[in-house]
Amino acid sequence: MAAPRPPPAISVSVSAPAFYAPQKKFAPVVAPKPKVNPFRPGDSEPPVAAGAQRAQMGRVGEIPPPPPEDFPLPPPPLIGEGDDSEGALGGAFPPPPPPMIEEPFPPAPLEEDIFPSPPPPLEEEGGPEAPTQLPPQPREKVCSIDLEIDSLSSLLDDMTKNDPFKARVSSGYVPPPVATPFVPKPSTKPAPGGTAPLPPWKTPSSSQPPPQPQAKPQVQLHVQPQAKPHVQPQPVSSANTQPRGPLSQAPTPAPKFAPVAPKFTPVVSKFSPGAPSGPGPQPNQKMVPPDAPSSVSTGSPQPPSFTYAQQKEKPLVQEKQHPQPPPAQNQNQVRSPGGPGPLTLKEVEELEQLTQQLMQDMEHPQRQSVAVNESCGKCNQPLARAQPAVRALGQLFHITCFTCHQCQQQLQGQQFYSLEGAPYCEGCYTDTLEKCNTCGQPITDRMLRATGKAYHPQCFTCVVCACPLEGTSFIVDQANQPHCVPDYHKQYAPRCSVCSEPIMPEPGRDETVRVVALDKNFHMKCYKCEDCGKPLSIEADDNGCFPLDGHVLCRKCHSARAQT
């Protein structure tokens, strides 16, 4: 039968060993395991004793102890309490089934020789590898079980390569649980006594060394169904009580398994990092089952099973993320119009225009340089490209032709001055400059021109006090010498006949005000009567001046002197 089983054996082997690995007695419980088929990879060498015992108790479904939560098998559960504990444990892939149900399973009878095929759980998960062959494969002899284990290991290897678990998890489909026929035993009922899963697993594993290799694949399968049995599948216990025949009726609890699958995936992810160490002290919790099998079993087979389960879980998460790609496509669509839109074309056109303009700008100066074939600015002879030339005053000259306009000195590499469009050396240019009327030096910088002469600004000063006259009023005397206003009045202004002071303009004024009477000059303040000192008016009225014998008098004093 090993040859026809390969496909179905993949699922069957995954489920059956998970439950019956520690003790061959629980091998018939494979029916509930198919639901957990995503956990197939562990079939190669899962923890033989511990995992198998718990798997048998919680997952097998053959015996009444399997709780409804752990096993969503169609048959009604015989033991509700045990089912509940197993269901909680089954929720997480790594945790083994509840200890109560698991303890009875470890003492599984040798009748496990009848090894049911777990294809129905694969179909429930919706994995492509799930075999359609639900009928269990009875194996009454231990030797046949060994052969079946070998076939299961090969099938599990094929399943790991194909990764059917991802498809199963992603689909989320939970086919009705089909329990393969198995031989139930009274050991399953003492599930309450098996609350402590660790001791029972250890004892059965030690008692029966040969069934342990079979239990390794069973433990992995058992952990997987536990993830699903979050839905309380009481029919699992009934399936345990029922013989192999009722396993075919498992499809009824399919809806329960469907919710279990999603729960299992998150639990597995949580458990996968520290499954073997942490959950050991908590046998009732979902995390506990994985710890017990790891401690009881050799340990080498169980880690691969967990890793395989973890790998399966990762694909599940990826499948959940797959629906997200459409928004990414929408983003790409938005970007696509922005990137390849007309804006990019316009920018390209602008760049092309700029490059063309730059090329044209560069070509024009090159053309000018090409047109350098000009004639000399002095001799009008053409200039050869290889011949050195001097560019000055906007023209080109032969080196021998670029000379001073006056002394004919070559000016190449020297400072020169331009005067009326002709080059001059520094000496000749200085000779052409005007000289200051005061110091006689050529004026090379600023020049002040006054009275028809050129001066340095600092040389144009008053001839009396030498104060600078730039920007101020000045008066020139008869010798054409500049004077400041005060010095000029002091020297040339008329003097008052009374005070003998020069008559000067008042401060802030440029005009001079004076009174002339009897051929004499007076200040306004000095024009008054000589006898009484009364100010006289410049008007011809009674307050005016009444001269008498050369004296300036008022009318009253004039009358008094005239009577005498």
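All positions are counted from 1 along the displayed chain.
Cβ atoms here come from the backbone N, Cα and C positions, even for glycine.
The N-acetylalanine annotation in Swiss-Prot covers Ala2 and is backed by similarity to another entry.
Marked as region 'Disordered' by Swiss-Prot: 30-141 (among others).
Marked as compositional bias 'Pro residues' by Swiss-Prot: 63-78 (among others).
Residues annotated as compositional bias 'Pro residues' in Swiss-Prot: 93-109 (among others).
According to Swiss-Prot, the feature phosphoserine maps to Ser117 (among others).
Residues annotated as region 'Disordered' in Swiss-Prot: 162-344 (among others).
If you look up Swiss-Prot, you'll see Ser170 (among others) marked as phosphoserine.
Feature annotation from Swiss-Prot assigns phosphoserine to Ser171 (among others).
Feature annotation from Swiss-Prot assigns compositional bias 'Pro residues' to 174-189 (among others).
The feature phosphothreonine is assigned by Swiss-Prot to Thr180 (among others), with similarity to another entry given as support.
Feature annotation from Swiss-Prot assigns compositional bias 'Pro residues' to 197-214 (among others).
If you look up Swiss-Prot, you'll see Arg244 marked as asymmetric dimethylarginine, on the strength of a large-scale study or a structure entry.
Sequence annotations record features per position, and here Swiss-Prot assigns compositional bias 'Low complexity' to 255-275.
Annotated N6-acetyllysine per Swiss-Prot: Lys256 (among others), in sequence order.
As annotated by Swiss-Prot, N6-acetyllysine applies to Lys263 (among others).
Positions annotated as phosphothreonine by Swiss-Prot: Thr265 (among others).
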**Request:** Summarise the domain 'LIM zinc-binding 2' (436-495) by DSSP state, stating how many residues are helix, strand and coil.
**Result:** 11 helix, 16 strand, 33 coil
**Message:** Using DSSP, what is the helix/strand/coil residue split across the domain 'LIM zinc-binding 1' (376-435)?
**Reply:** 6 helix, 18 strand, 36 coil
**Message:** I'm checking region-level scores; what's the whole-number mean pLDDT for the domain 'LIM zinc-binding 2' (436-495)?
**Reply:** 87
